[in-house]
Amino acid sequence: MKPIGVIGGGAWGTALAQVIASGSREVLLWAREPEVIAAINDHHENSMFLPGIALSPLIRATNDLSWVAEGEAVLVVTPAQHMRVVLADLSQHAQPLILCAKGIEAGTHKLLHEVAQEAHPYSPIAVLSGPTFAHEVAAGLPTAITLAAEDEDRAKALAALIARPTFRPYVSTDLSGAEIGGAVKNVLAIACGVVEGAGLGQNARAALIARGFAEMTRFGMARGARPETLAGLSGLGDLVLTCSSTSSRNFSLGVGLGQGRSAHDLLSDRRTVAEGAATAPVLVEAARAAGVEMPIADAVCALLAGEAAVGAVVERLLTRPLGAEHRA
Ligand SMILES: NC(=O)C1=CN([C@@H]2O[C@H](COP(=O)(O)OP(=O)(O)OC[C@H]3O[C@@H](n4cnc5c(N)ncnc54)[C@H](O)[C@@H]3O)[C@@H](O)[C@H]2O)C=CC1
Ligand SMILES: O=C(CO)COP(=O)(O)O
């Protein structure tokens, strides 16, 4: 059996490596930080990004991308905004690339499967996205996730390759839908954190999840996503997960904003990623370009940019004209 490659030694890349290795598969994991490579190879732990999890000895870490490219398939798990640069360093090959980051590329407004296809025209591209906190997945807790590829047989084959007794991929052919759900829910998770931090109550949070989902659906459909994908694991499923737990970095960032702290303070000095902070301005631009109204995403963007205080943003949302719940 050939090994499987994983690019990205953060919490999620490491958790996915652990899942795959639990099926007696060797994993070649590319990490950026020499300390992460040493800790995985010498102590079978990623103490920087996923502390406290004893990793399988079948996971070997490297800083050599050409090694990883030998995998039967390669999971790409760098933060969204770094993906194009990292993929440019990966040699061209014909193995499938499974994209696991959540975001939309700044500047181009492209979804990550579009970025990957430009960088690797000969590789089949798949997307893996859903409600999956890394620490739970690494601990072997039950998890379901969407695996999307244009070709359904390819999606099924990749799902079989990475499925494990407590890790269940459900297949889809809707790449855009799987990606848009994951990208947009990060921004909405920040909004839900603000509700929590500002003490606005549980009614407000439920309203925000439902109205946020309406925004996700409008934007997704404008960008070619299927509504049923957005209502599935990678959309609504992940939205519910990250809008209700401080295990979410995006939700936690929102809690800090809701307590009146600045995004600059909350984001400086952190090693871990809160993708929603990078996605929010890109999403707002992309929504405008597509003619889609996204008032909650606009509010998150204004808070992150320090353009408005929490009270003003909430008032702006509450004083919007009353309207129909469902638009024709
Ligand atoms: N942590 C989780 O529970 C989940 C994360 N994801 C997604 O996976 C992606 C990666 O997130 P995590 O593994 O959680 O990251 P993390 O927050 O655990 O670690 C940060 C990662 O960013 C990398 N990084 C920093 N600067 C970089 C650069 N210039 N070039 C390339 N890489 C750089 C670091 O090497 C490290 O791997 C994100 O898009 C995230 O939304 C998806 C599902 C679950
Ligand atoms: O995407 C995730 C779970 O599905 C992780 O969420 P955070 O990035 O907000 O921690």
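Cβ from N, Cα, C; glycine included.
Going through D174, D238 against TrEMBL, the one listed in the sn-glycerol 3-phosphate site together with K102, G130, T132, K185, S248, R249, N250 turns out to be D238. Neighbours of K102 (substrate binding site) among the binding-site residues G9, G10, A11, W12, G13, A134, defined as a Cα within 10 Å of its Cα, are absent: none qualifies. Residues G9, G10, W12, G13, K102, taken from the binding-site residues G9, G10, W12, G13, K102, N250, are distinguished by a CB atom under 6 angstroms from ligand 1. Proximity of the binding-site residues G13, R249, N250 to ligand 2, judged by a Cβ distance under 6 angstroms to any of its atoms, singles out R249, N250 in sequence order. Predicted-model confidence for the domain 'Glycerol-3-phosphate dehydrogenase NAD-dependent N-terminal' (4-154) is 97, expressed as mean pLDDT.
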